[in-house]
Structures are given as C-alpha cells and as structure tokens.
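Here's the structure, in structure tokens; my notes come after.
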Amino acid sequence: MWLSPEEVLVANALWVTERANPFFVLQRRRGHGRGGGLTGLLVGTLDVVLDSSARVAPYRILHQTQDSQVYWTVACGSSRKEITKHWEWLENNLLQTLSIFDSEEDITTFVKGKIHGIIAEENKNLQPQGDEDPGKFKEAELKMRKQFGMPEGEKLVNYYSCSYWKGRVPRQGWLYLTVNHLCFYSFLLGKEVSLVVQWVDITRLEKNATLLFPESIRVDTRDQELFFSMFLNIGETFKLMEQLANLAMRQLLDSEGFLEDKALPRPIRPHRNISALKRDLDARAKNECYRATFRLPRDERLDGHTSCTLWTPFNKLHIPGQMFISNNYICFASKEEDACHLIIPLREVTIVEKADSSSVLPSPLSISTKSKMTFLFANLKDRDFLVQRISDFLQKTPSKQPGSIGSRKASVVDPSTESSPAPQEGSEQPASPASPLSSRQSFCAQEAPTASQGLLKLFQKNSPMEDLGAKGAKEKMKEESWHIHFFEYGRGVCMYRTAKTRALVLKGIPESLRGELWLLFSGAWNEMVTHPGYYAELVEKSTGKYSLATEEIERDLHRSMPEHPAFQNELGIAALRRVLTAYAFRNPTIGYCQAMNIVTSVLLLYGSEEEAFWLLVALCERMLPDYYNTRVVGALVDQGIFEELTRDFLPQLSEKMQDLGVISSISLSWFLTLFLSVMPFESAVVIVDCFFYEGIKVILQVALAVLDANMEQLLGCSDEGEAMTMLGRYLDNVVNKQSVSPPIPHLRALLSSSDDPPAEVDIFELLKVSYEKFSSLRAEDIEQMRFKQRLKVIQSLEDTAKRSVVRAIPVDIGFSIEELEDLYMVFKAKHLASQYWGCSRTMAGRRDPSLPYLEQYRIDASQFRELFASLTPWACGSHTPLLAGRMFRLLDENKDSLINFKEFVTGMSGMYHGDLTEKLKVLYKLHLPPALSPEEAESALEAAHYFTEDSSSEASPLASDLDLFLPWEAQEALPQEEQEGSGSEERGEEKGTSSPDYRHYLRMWAKEKEAQKETIKDLPKMNQEQFIELCKTLYNMFSEDPMEQDLYHAIATVASLLLRIGEVGKKFSARTGRKPRDCATEEDEPPAPELHQDAARELQPPAAGDPQAKAGGDTHLGKAPQESQVVVEGGSGEGQGSPSQLLSDDETKDDMSMSSYSVVSTGSLQCEDLADDTVLVGGEACSPTARIGGTVDTDWCISFEQILASILTESVLVNFFEKRVDIGLKIKDQKKVERQFSTASDHEQPGVSG
C-alpha cells in the first residue's frame, strides 16, 4: 500500500536492499522469508516485542537522492507481489520524469506530492464508516487478522503488551482482545507461541496476585488454565476482558450478539490508540453503572458527569459528589455512600439558572422543579457548558407529559390532598406517586372489572386505627414519621435519599404509603409516567390471545396466595391474569415463569394494575436480571453467590450445607419469590420493602441471618429433609407484630401441625441482625461476584444441554459418547461462527433458548457444506459440495433449510458406522428426491412421481425417525408458524382450550416407530439419469484412494452390468404387456448369469500403461459392438420433463458440449478420461444411432437390490465400503479450523545459522 512519506534516518539497520535505482530502493526485512540465521531471529523477536509494523509489511520502498542522507518511505507491502507492483509503477511512471529535474529538493517535493495525490485518489471513493480508528490501531488489527487467520468481520477491541506463562517461563508478547476471541502471540528467538480462545469457552476469569504470578490474570477453559501477567495497566485490561466475556455469556443465554452503538457521538479530540469499539464498550459500562445506581430505565444513556457540591437544606451542608447528566435525568451521588442521592427528571424541571458566584459558593447552578423544590449545585468546573447541555436536553423533553403531571404534583408537595383525590379523566393516565391508590373507577363502566387501586383496600375491613389499639398507634406513628421526612427531604421522585430514608424503610413502610414508595424506590414510576397508556394498549392486544405462556398463567392463577381473600375472588384473579398476560405479551423472551404469579399478586395488593405491571417490569428486567426465564439463570447465579458468602461468613456451616445439599434447594424458592412463599405474608412484605430500596443485597443478608440463627440445629441435621423441615418451621414463625392487617397464616403452616412449634421471631429483629452482621456487602462486590458465578452457571447449563442432546441420540447411532460430545462442540462452534461473522442472519438460524435442547443449535446449508467437507469419509474432490447439498436436503426433513444436531449425526452415522448395505442405502438416497435441490423439483416432478410410485405417500426412510425424541409441541410448532392470519389464531384457540390426551401421543409414537421398519424393498426405483449421477459420485469418491485403479475397474464392471440389467428389465416388462413406462419389478429381473460376460470384460478400463488406450480418443465412432459403452455428454432435444433436467445448475455448469454425442469404444476409454459431465449408458439392444438426437431413456430403471447384488460381486468395492474410518482425527482437525478450544503452538524456526 502507498504510504504518506515519512523520514527514515537509518535505512539499512534491519533491512536488506533487494532492488535499487537512482531514486528508489526496495528493501526486505531481515529474517523474513528463507533462512535469516541468528540475525533474523533477533530481528523477528524485536519486531514482536516492540510491536513493529514490519510484522505486517516486511517489504518497503524508500525514496532517496544521491547527496542526501535522509530517506523517505513511500510504500510497503505484505508480499513480494504487492511491493513489486508498486515498484514497477514507480519505474514506469516516475523515473523518466525525475531525471529531468536539476534540484534534489525539487525531486523529493515532486515524489511526495505524487504519492500524496495517489493516496488522496484511493481514499476519495472510500465511504466514511463511523469513527475512524487510529492508524496504529488499524495496523494492530491487520497484524491480528494475519497472525490468527481471522475474517474481516472479527473486530479488534484493544491490544496489550504482556507475558504468557508457558510452564514456568514467561513469554513476552501481545494480547489481542477481539469481540469474540482472546488471542496471544509471542516470538522470542525462534520460539513462537500462538493462542486463540473463544470467549464463550471461558469458565473462569479472575485477577489475582501470588508469589509465582505477581498481579496476573487467570483464564480457564474446559481444557486448560492460562496465566497472563506484566501488564502496564492490569485493571483496565481485566475490566475489558470481563466485559467481553459477559457479552459472550449473554450470547449463549439469549443469542444477543454484539452490535455497535451507531448513536455514540464522536470524540471532540480523537484518542490516539483507542478504537471506536473500545469507546463503545466503555460507554456501555458507564451507562449500566449509571442506570443501576439510580434505578433508571434501560434505554437511558449517560451524557457526562462532573464533580460538584450539593447544598442540602435538611442539614445545611455542601455535600461533595458527582453530578450525572443524561437525556432525561440529572442525578447526584455523594462521595460518601449514604450521605445523599438525588434524581431530578428533566420533565419536572422548570428553571435552570446560573446563580451569582462568591468565595463561599463558586460557580453555583440553581435548578427548580414543578413541585416547588430548588436544588443548588456549586463548584462546577465548566458551568456554561453544563447549562448549555441541560438546555439542549430540556428542549427535546416534551413540555407536558400525558397524565396531568401538574395536578398530580400538587399532591406530592401537600400531603393533605391525599385524602380527597380527584378522579382521573381516563384509565390510561397513571396515578400520582404521592397517592398511587387514588384513582377510582366505576367497575360497571367497563365490561371486565379493573383493579384501579390496591386490592388490599378493597378486601380489608376499613376499621379506624383507634380500634386496632397499640398496632394502630404504631402504624399512625410510622405514617407521621414519613410525612415529617417528606416535609424535610421532599416527596416524590426528587426526594433527597439519605441514610435516614433507609432507617425509615427498615422500620417498616406504612401500608398506606407502601405502593407509592415501591414505585419510587424501584424506578417503576419513571417508566410509567413516560409510557402513558402502554399497559392499557398491551391488555387490549393480549386479550383473547392464547399461547403456551397463557396456558401456564391460567394453571397458576389459583395457586397465587390462595390464603388471601383478594385472590379468592374473581376480581383479584382477573387483575392478576391481565397483568401477567400483558407482561408475557411485552416480553415474549421471558413470557411467564413460575413464581412471577406470587410476586405479582403481592404487587397488586398495594397498587393498581398498571402500577403492578410496571413494578413487575422493574423487577424482571432490572432488579432481578435473568431470574424469570426458562432456566432461572439469575437465581442460579445468586445461589452461587449465596454459597460463596456462606463460605466467607459462616465457614463452619458451609461444609455441612454442601454435604446436605440444602443451599441449592432453599435458595431458589427464597430468591425467586423474595421470601413470599416461605414466610407469612405480613413478614415477607417487610423484606420486599427493603428489597425495593436496597436491591438483592437485602435478600442475601436475610438468607445469611436465617442460616446463622439456625446454625446449631443445622450442624446436627443428618440429611437434607431434616434440614429443610427445620428451616421451614423457623420461617413459618417469623412474625410481624406491628402489622395492622389481619394475620394470614402461611399455607404451609396451615397444612403442617406440630406439638412443639419453635419460638416466634420478629421480622424487624431478623432484619436488624442481618444488617449488624452482614452489612459489609456492597453492590459493587455483588456485581463482581455475579460475573464470576455467571460464567460457571452458563457453562454448567451448556454442559447440561450437551449431555441432554447426546442422551437423546439413539444408542444404535454408532458413535461413542466422547465422539458425540466432540461432534456436538464442532456443530455448536459452526452455529456460533454464523452469529459472530454474519454468515446466517436470518431469525430462523438464531438460537432460541425456549426450544428443546436438541433444536437450539441449528446450521444452514452453507455451514453444513463446510462441516461435511471436513468430516465426511467420502471425499469427492470438487464433487464434495454437490454431495453435501444433497445430504443436507435429505436430512432436512421439515424443509426449513436448517438441520439440528440429531439430523446431522444421523447423516454422519450413515457414512461412518453403517454396514455395507446401510452405507449404500445412504448413497442411493442421495441421488433420489428429496435430495434433489429445490430448483430441480419442478422439472423432476414427472419422473419422480412415476419412478417412486406415489412418492407423496412415502417419507424419506432415512430421515423418518429423526424427530422421534422431540416433544409433540416442537413438531407442531412449525406448521403453526407457517400459517398466518385467522387460521393460526383458530389453531391457537383450539390448543388453548383442549390439549391432546396421552392416547394421542401413544398413537404418534407408534406411527413413528413403524416408520423405522424400512426394508430395502421399500426404496423407490432409480431412473437412468439418477443412476448416471450415482456413477459420477462413485468415480469421484475413488479418485483419492490408494486402490484407485482397482476401484475404477470394479465400478466400470458393475456399471456396465447394471446398465444391461436395466435394458433387459425394460424389454421383459414390454413383452409381458405392461405399460411401456412401468419400471421392472423384482420378479421381472432376469438372472444375472444370462448376461453376456464378454461385454462386461470389454467395459473394464485397461491398465494405465496401455498406449493404445491413450491414443484411441473418440475416433472409433460407429465401430463399437452392441455391448459397447456409450459416452453421452448432453442433448439439446429434450422435453421439459426429461430426466436430464433433473440435474441442478451447479451440476451442469461445466458441460463442455451440450449438443454433441460421441461413442467411444470400450477399449479406448480410460478411467482418467471420465470427467464430471461424463455418463455411462449401455445396453444389449441399444444402438448408438438410436440415441443421437434423443434423450436419456426414461423407461429404464433399476432397484436398490440390483445395485447391492452387483457391488457384492466385486470384493474391492466391498472392502472400500466396509473400511472403518476414525472420525476422531477429522474432528481434531476441524476443531483447529473452528478454533473451538484454546490452541497453543510452540514452534522453532528452522535454519538458525551464522
């Protein structure tokens, strides 16, 4: 490539001059190419350690003048061919012109101008593609692709200098972190180390420091442990590695690949060595941290942050911290964790103004809101720019949010308005955060009753607080405490959140304020206000729609807090149904998961349907990520954290719990339902209060406190059942003595009776103990532990999926368990490669975790073609892609252009582990429909229908049993998806109302079992065109075999014999008076000994050294006897339905002469002369003149039994098909191609001399 000219002071230090003229020098890097000796090794080592560009471009051209000592680089090249092209251009276009100049300065100026012009011309047509990466970074990306053979689609994120510990020796080199791979390369004095690890294969990633490895990063895969150290900035490197591994786990979890953020703004000053991808990932990390800290919606993007102070009127202090600005919010977080948090939605802002600066208050900024609150920030570094950014965002904010914000905010400031709320104008408007229960609607106004306020108010007797005695007084005091807090710290979204707020939450939220504060602390209020009418729209869309999720919802509705009166009534049940169905419709990835019904029923007790819906959104999508999906990954991750915390805080108990296996049993129910399913309702709801304020750390603290309180009893337990019973009784007796609601006994407590109940435990005391003993947990630490556990959990689930898939493969498939697992990993890698590099962008090709394990990974025809070429024992040279396409169509039973692992293994097994008959059956079917390509289907219809004798009633015998192990629902899914409109709805309705009983499944199972009872007599007959294709395939298969000549002789003999059998069968059927187009049946077949044996002898190819055979050519036209072999190369007079059109375009594109026929005598034809487009036709009564201008004989046909019997007469063919091939070596080679596992190469460079 041409380079912008740069000075080079020392031209010959590490370079060898190969060509020169008075103005230019072509040089090669020392050590590149052959030899190089010790100098070459040293130069190569320097290039790697110093990251020299000479690794990518070992050739260069310098401009020089005779009297000057300075050289200028004008071009470089990665190959001799590339650099020679540039050299020749310079010689042809510049040499004569340069000789005219007198001044050397003019020569140099002219050359530099010319090179700059060439570069500008080349770049003129290049479209700008987002952020341009720095030149040094582009060079590193080229090195990475060249060194590791990565495609253009693999993007480099960053690269770092480090050492890889190979044994006890550190190898200095470069670590390349790409979107999908971790790569390392080192070259030191002839020793080369190359590593490639897929992020999806990593099972452990941690930063540690030991005596052996000072500050190192450990990377574990299923096969090995890798250690990297001596980083310049190990913290940055590890953080980026964590992020990339997280992206890979997310891809395994839900197939969400990495997509660049096109909306990321360009930097004002381009960073020198930071790529656009690195900036993108850094921005993502900051956005995620920002959203998690302030509980903001998932689409909120951080614009920037700056240091400042905030004036807090409640304690008259200036609190230092950070201000964060995003599209819709201004947030503040104090440096001290509990000092103050603040969230100001821009929709609430009325005035932003710069106040007067003073020595006490430098650069102040005042922000006023609609709720009459004013916030004063100071010590802002760039106040003018900040005000401008806020103004820009305010201009984009709608001036009036739907839902009457102003009227609701009046009640936020003045709590007295809560007692007399004004009715809303429409059901789509969300309620006030200060009074979420205020919206009342007449139930008779709608066809279905809608819970427009918390169900607790509707189903609880409205007795005055005075009648409740001490409990009522305590509740009144709580309300007063919160109202005082609101007066001092503000009410609503803009509340100052301090340590005092947490203290009030721990004392319990009064029931009248619970729904409001849940909405505020969870961030659900922000989403509800910004999406007015969204829930009502979802309810309308989802009404009457049936799916698997709605069926599961209906099944669980009556299991949701059945002990509570609100859910013993149709009003509560209907509200719960609408909320769960609306969420399943909003998020089909989750749909519905068990335990969502229990949590949602509690949310409905304290809020309207819309509020409960948005609280559920906050819970499922932000606060408990990945909890409520088919594999409850999030809960399993937190279960792993719980086990780790138990080891840290309760080491005595940890080992005992592991032995009993209790943690895995208890933690899922505790975490998924937030203790609601294991504690009395009035106690568990206090934990939910703290959860919405603090997050998952409260659940973990309480779980540890429960184990700590029962340590002695647990240590004395002998089995899991005893431990579970003891813990269950303890939790049943956790009481809330301050609750004003009538006590609702826990369902399990009602069903179990005990003469010796344990002592009651106060829930507030349990919370107090949990904070005293385990409050050292921090949100950042939990996120770090979540990453570590997520790797383990997802890889464990992947291993479970692999075992499940392997178990679903029938035992008679022939492969061992290890071979099946290796094949599965290769198959999975091919699928993932399509996700990495966009080979398969169709939604059908993407992984769907909701499908059965067997159907989750599928590959398309192009991916299968690559796997087939590398794994098949039937190597056919250039014919292999055609054979692979036929095999794919044969295995693709449901015609969705994708095959799963079971179908793939079935095809492989037929080639590797079948006996002679089974292998020939596979080969035979590859030349019959459905192996014909879709393009061939129309032209092949007539012949296929005739030759298969009602092919529509016969399924592919090889693929007929492929779905035996799939559930009936999976088999039904495809036809339903293909239909559209009302038809699919009707089917869905039928499915929702009546499901098939067990007899239906038994009938289906019996039908599938019957399909396996296929004999060779059931195979359809093969016509002449198909037989010719079979012969071509066999000739190609034998081309690379050591017994090539013997196999050619044998197949020539068999082919001529079968051709004559077909001819005789056709004549015999004609004599018996059958229809002329009928094929010969098994009874019509004449005995083989009656055929002329001398004809078969004539058809055998001569020896390779026979000179007559080479000289014969096709000069013997018309001289062949009746038993001669006819070579047909095409025909132009065929009709539309002729069998010659059964070939696809790919199979006929190499035809040399489509309209000519030539008859070659048997003696003059060699096996080497048979091209791909050569077909063999022969017969006793078939004269060459009858064929000229005609078509391939459509009445000719032959059966599989005849082919099998003929091949059995040739021992060399029998030995070829019975030969055992080890698939292990082919799998190993394919793994290297796919880079399925970490591969480390340690090579010595040859020829160290001098």
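Glycine is no exception: its Cβ is also placed from the backbone N, Cα and C atoms.
Per Swiss-Prot, the phosphothreonine annotation among the candidates T312, T397 falls on T397. When S432, S933, S956 are looked up in Swiss-Prot, the one carrying the note phosphoserine is S432; the rest have no such note there, which does not rule it out for them. When S275, S366, S407, S411 are looked up in Swiss-Prot, the one carrying the note phosphoserine is S411; the rest have no such note there, which does not rule it out for them. Looking up S463, S1183 in Swiss-Prot shows the phosphoserine annotation sitting on S463. Counting every protein chain shown, 14 other Cβ atoms lie within 10 Å of the Cβ of T397 (phosphothreonine). Look at T397 (phosphothreonine): DSSP puts it in coil.
Between the CA atoms of T397 (phosphothreonine) and R555 (site 'Arginine finger') there is a gap of 44 Å, rounded to the nearest whole number. DSSP classifies Q594 (site 'Glutamine finger') as coil under the three-state reduction. Following the DSSP three-state reduction, the secondary structure of R555 (site 'Arginine finger') is helix.
A separation of roughly 10 Å, to the nearest angstrom, links the Cα atoms of Q594 (site 'Glutamine finger') and R555 (site 'Arginine finger').
Assigned with DSSP, the residues of the domain 'GRAM 1' (142-209) fall into helix, strand and coil as follows: 10 helix, 42 strand, 16 coil. Per DSSP, the secondary structure of the domain 'GRAM 2' (288-356) breaks down as 10 helix, 38 strand, 21 coil.
For the domain 'GRAM 2' (288-356), the model's average pLDDT works out to 93.
The 10 Å shell around the Cβ of Q594 (site 'Glutamine finger') contains 14 further Cβ atoms across the protein chains shown. Within 10 Å of the C-beta of R555 (site 'Arginine finger') we count 12 further C-beta atoms, all protein chains included.
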